[in-house]
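Let me begin by presenting the structure, written as structure tokens, before commenting on it.
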Amino acid sequence: MADYYDLLGVSKDADGDTLKRAYRRLARQYHPDINKDPGAEDRFKEIGRAYEVLSDPQTRGRYDQFGEAGLGGAAGMPDVGDMGGFADLFETFFSGFGGAGGSGGARPRRRGPQQGDDLRYDLKIDFEQAVFGQEREIKIPHLETCDTCNGTGAKVGSGPTTCSTCGGVGQVRRATRTPFGSFTQVAECPSCEGTGQVIADPCPACAGQGVRQVRKKLRINIPAGVDTGTRLRVAGEGNAGLRGGPSGDLYVFLTVKSHPQLRRDGITVLSEVNVSYLQAILGDIIEVDTVDGNTSLEIPAGTQPNAVLTLENKGIPKLGNPVARGNQRISINVKLPIRLSDEERGLLEELAGHHSAKGRQHHHHNSGLFARLFGQKG
């Protein structure tokens with residue numbers, strides 16, 4: 001679907017009155033009972049959907065941040081396709097109710113305190129930050145209660161008053177005649193938009209909405225042991241509520257960047273290290289990379305290719321219990337030489353002859369690394 005602002009032909013900072021005027025004009029133009037073009041009905045539905053989203057501060061805030069994906073089929077959004085023909089035509093021309101009333105009547109908006117929406121923030125962190133945790137500063141766009149009017153939406157010194165059109169109930173009834181008979185339709189009050197109150201003198205700072213969109217700096221604590229997909233909840237840092245309602249929460253979804261040498265399997269760290277055939281045969285002590293930095297690892301004499309050695313307590317801290325840590329498992333890659341010097345070849349041939357002289361029944365290295373070095377079969 002096209003951008004909602006483009007559908008209504010308004011700018012992204014358009015106020016409520018501008019949106020309403022644009023919607024009424026386009027609803028008259030594309031109403032399927034008037035406009036018989038094949039695409040008129042679909043366009044009429046799109047216009048209605050755009051107005052429903054942008055006329056509500058909460059859904060407008062989500063749309064501005066995340067687009068159509070941020071709406072997620074929000075419950076309570078009326079389906080413009082359910083609008084009745086002649087009744088809607090009456091509303092469109094006389095009251096501007098189009099898109100608000102379904103075939104069974106309008107659903108009133110909640111007039112009391114309304115909790116703000118929860119927000120999502122995606123954050124990428126380094127491998128080491130996921131292991132040991134860190135405090136990070138982020139900037140989030142969200143709705144805050146207008147500090148000029150304290151969320152009332154009214155200019156300082158004034159306040160909301162009971163809507164004279166609906167008497168404060170948020171709904172109006174209209175009787176009309178059609179070729180099919182007379183009927184009464186209940187619809188959202190066009191004057192107060194279902195709230196039961198009107199603001200004659202709106203706050204200039206928030207255009208009467210009671211909330212303003214701002215970018216806020218937050219410092220969040222990333223605990224040790226998090227992983228990709230971990231969700232952190234920051235209470236009260238979502239969008240501000242309406243009419244004194246509580247704010248929603250902020251949910252931070254983490255993605256952990258890969259490490260050039262280390263991999264993760266739960267709380268176990270996996271890595272590989274290359275050793276020479278002489279180190280594998282004779283044993284050695286080498287330096288390996290761990291999340292704690294370089295650490296000494298003992299290569300036992302006679303280590304076979306693809307052997308796995310373990311460094312205890314060098315893995316990932318357990319989320320919620322950072323004292324408990326996993327292990328690091330290191331796969332050993334034994335590198336055999338492609339080319340040998342004459343001296344090396346002579347020594348190896350001498351060693352191979354020494355082992356052959358002992359006889360196969362006494363040969364303890366007739367498989368694995370020695371077999372590969374001396375061309376023997378196990």
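Note: Cβ is positioned from N, Cα and C throughout, glycine not excepted.
Pulled from Swiss-Prot, these are the features on record:
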BINDING   CYS146, CYS149, CYS203, CYS206  Zn(2+) 1 binding site
BINDING   CYS163, CYS166, CYS189, CYS192  Zn(2+) 2 binding site
DOMAIN    3-67  domain 'J'
REPEAT    146-153  repeat 'CXXCXGXG motif'
REPEAT    163-170  repeat 'CXXCXGXG motif'
REPEAT    189-196  repeat 'CXXCXGXG motif'
REPEAT    203-210  repeat 'CXXCXGXG motif'
ZN_FING   133-215  zinc finger
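Structure coloured by features recorded in Swiss-Prot.
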residue: CYS146; record: Zn(2+) 1 binding site; DSSP class: coil
residue: CYS163; record: Zn(2+) 2 binding site; DSSP class: coil
residue: CYS189; record: Zn(2+) 2 binding site; DSSP class: coil
residue: CYS203; record: Zn(2+) 1 binding site; DSSP class: coil
Inquiry  = Most Cβ neighbours within 10 Å: which of the binding-site residues CYS146, CYS149 is it?
reply    = CYS149
Task = Give me the Cα-Cα distance between CYS166 (Zn(2+) 2 binding site) and CYS149 (Zn(2+) 1 binding site), rounded to a whole Å.
result = 25
Task = With pairs restricted to those 6 or more apart in sequence, evaluate whether the repeat 'CXXCXGXG motif' (146-153) and the repeat 'CXXCXGXG motif' (203-210) have 3+ C-beta pairs under 8 Å.
result = yes
Remark   = Checking the binding-site residues CYS163, CYS189, CYS206 for other Cβ atoms within 10 Å of each Cβ, the smallest tally belongs to CYS163
Query = CB neighbours of CYS203 (Zn(2+) 1 binding site) within 10 A?
reply = 22
Rounded distance in angstrom between the Cα atoms of CYS189 (Zn(2+) 2 binding site) and CYS206 (Zn(2+) 1 binding site) = 22
Non-site residues, in chain order, whose CB comes within 8 A of the mean position of the CB atoms of CYS146, CYS149, CYS203, CYS206 at Zn(2+) 1 = ASP147, THR148, ASN150, GLY151, THR152, GLY153, ALA154, PRO202, PRO204, ALA205, ALA207, GLY208, GLN209, GLY210, VAL211, ARG212
Inquiry  = Same chain, not part of CYS163, CYS166, CYS189, CYS192: whose C-beta falls within 8 angstroms of the C-beta centre of the Zn(2+) 2 site? Give them in sequence order.
reply    = SER164, THR165, GLY167, GLY168, VAL169, GLY170, GLN171, VAL172, PRO190, SER191, GLU193, GLY194, THR195, GLY196, GLN197, VAL198
Task = Using Cβ-Cβ distances, find the residues under 8 Å from CYS192 (Zn(2+) 2 binding site) that belong to the same chain and are at least 6 apart in sequence, listing them in sequence order.
result = CYS163, THR165, CYS166, GLY170, VAL198
Message = If I take every residue in the repeat 'CXXCXGXG motif' (163-170) and average their pLDDT values, what number comes out?
response = 84
